[in-house]
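What follows is a single structure, written as structure tokens, with notes after it.
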């Protein structure tokens, strides 16, 4: 039976690079993959999945209200789909996560989702919450904090280099997010007193 996978991490852990490599592995063997990326903050109908190291490929965009099961099923009727990949899966709606589960359960197509677990305030995204609840396989993609510990949280830096402690859940631009361990995230967010001098400028 096919499975629904959720590969989650903080920013700059290499999630997108892993997605592109996995899709390439299928295509290298003559198999067809279907790629999706969040279109919530993009214009037009053409999506692009790109990694920090320069890899990129075209992808279909998904937005709120889209029926992903119907889109994959229609494509599968004409061309066999061997695997579905979803980048920025944190932006999925709960119902769309269930649609992806149906792709695995009813069409027997593996679905590989990649995304963030929490936002800069330590709160779950809607798509991540649903994936953590129903995905068959959860995989943490690891990166490190400035102190060398495993990074599990992110902070957002404003244009002035100061840590943002409030605001909209999403700000466009990967350069404004920094991955930290829980300890240093609490310090930067003002939840705990800092005991080192390697932090960012406080707001």
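Yeah, the Cβs are placed from backbone N, Cα and C, and that goes for glycine too.
Taken from Swiss-Prot, the feature active site, proton acceptor applies to 88, supported by sequence analysis. Counting Cβ atoms from all protein chains shown, residue 88 (active site, proton acceptor) has 25 others lying within 10 Å of its own Cβ. Under DSSP, residue 88 (active site, proton acceptor) is assigned to coil, being neither helix nor strand in the three-state scheme.
Among the features that Swiss-Prot reports, ATP binding site is placed at 9, 10, 11, 12, 13, 14, 15, 16, 87, 88, 89, 90. According to DSSP, residue 11 (ATP binding site) sits in a coil region rather than a helix or strand. Around the Cβ of residue 11 (ATP binding site), a 10 Å sphere holds 20 further Cβ atoms from the protein chains shown.
The Zn(2+) binding site feature in Swiss-Prot is assigned to 145, 147, 181, 184. Reduced to three states, the DSSP call for residue 181 (Zn(2+) binding site) is coil. Within 10 Å of the C-beta of residue 181 (Zn(2+) binding site) we count 19 further C-beta atoms, all protein chains included.
Residue 145 (Zn(2+) binding site) carries neither a helix nor a strand DSSP state and counts as coil. Of the recorded residues, residue 147 (Zn(2+) binding site) and residue 88 (active site, proton acceptor) place their C-alpha atoms 27 Å from one another. Look at the binding-site residues 9, 89, 145, 147 and count other Cβ atoms within 10 Å of each Cβ; 147 has the fewest. Within 10 Å of the Cβ of residue 15 (ATP binding site) there are 23 other Cβ atoms, across all protein chains. Other than 145, 147, 181, 184, the residues of this chain whose Cβ falls within 8 Å of the Cβ centroid of the Zn(2+) site are, in sequence order, 144, 146, 148, 149, 151, 180, 182, 183, 185. Considering only the recorded positions 88, 145, 181, 184, residue 13 (ATP binding site) has 145 as its nearest partner by CA-CA distance.
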